[in-house]
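Okay, so here's the structure we're looking at.
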């Protein structure tokens, strides 16, 4: 089986080949060969400006990929959406393809593509990197009847495109394993003869390594909405347990005991019930806000408000955590040194997008603190980039002058007033905290924002310990 992996990247033009363990596939770089299955992938698809800024999906790079396909296609194709996109994006893709396709008078038999043997399928992957374009998913994108750019009347000899939605469910830090051992593969298509045949064809492709019972065929719009919903539900679980962690801090309950008790219920399960300083990453906030935007567009304000509360609680959890640091350090952190352990949004990745650590660091800098940061994977350049992107530009130089990125946890904690755990790196559970305590300014504080440390042992060493969702009285 031949897979054409052509990465259309506006900045680098590089060929990206991943997961060599799938040795049934070979990769070549041809864009205009007669391919049968074409995957469209994009990175972050959050809107940044204009209509729906901060909530709607920005689809200009998806459009670029689709126009590229339409301009070069000489035969019929199955077009597969891989990115997390709003519901009914496939209609927009179909409109662009139909409006820009090449008419081929010798193409009467192209629809027979869907009946070809799987071993003869060529696959093409077109990926577009995020640009500075301002296009957003606005009201036009939700009503395809009015969005066709030019006359899309096709003839029997026109090239035929069948659109499928095949969202990915990869988690950062475990992506290769998620590819090899997926929980499920969703294949959404129109329930027409051609759509069903296309679904069957893609299903056979995945059957090379995915068990049949994990390949789920469904409606096109259901598949598109399923990915948004999955991320929203995961974010909702985190915000739910984090909201309860605040209550635990007030009444003296232990959020870990509550999470364990609830997780034993087979209807609930234990996953994503770990209280923390908050969720981050490029997906959760973006996808929840996209649901908020769609709900508002379809005049469902109660639904929009429900999902918006997931984000509200996440921001509240971060601000409450910072407020507790301020209060415990005697209501002033000006000129004090605070060490941040972890800057990525979760362990086993260097991704810092929407990391709770960014909010914590900037909040402390605004109060006049000196910050020392240690993360085993995040570079000094990336830390400075996130500070620049998230602070007022007039404060950037001052903030950078009070921020130091260290090469070890011991260097970062030296002469510090407090340590703040922002990322749950395993390394932070193996540190010699007696050594760290001896080199800190007394009283020495630890604020565990991930509930990964042995609080009793830290207390015995001499630390003043604060943890999310607990009142530590020992």
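Backbone N, Cα and C define each Cβ position, glycine as well.
Not measured: the values here are computed from a predicted model.
Annotated substrate-binding residues in TrEMBL are 169, 170, 171, 172, 227, 272, 273, 274, 275, 276, 280, and among 77, 346, 372 the one listed with them is 346. Between the CA atoms of residue 273 (substrate binding site) and residue 283 (active site, nucleophile) there is a gap of 18 Å, rounded to the nearest whole number. In the three-state DSSP scheme, residue 169 (substrate binding site) falls into the coil class. For the pair residue 172 (NAD(+) binding site) and residue 275 (substrate binding site), the Cα-Cα distance reads 19 Å. Residue 283 (active site, nucleophile) carries neither a helix nor a strand DSSP state and counts as coil. Note: the CA-CA distance between residue 286 (NAD(+) binding site) and residue 280 (substrate binding site) rounds to 10 Å.
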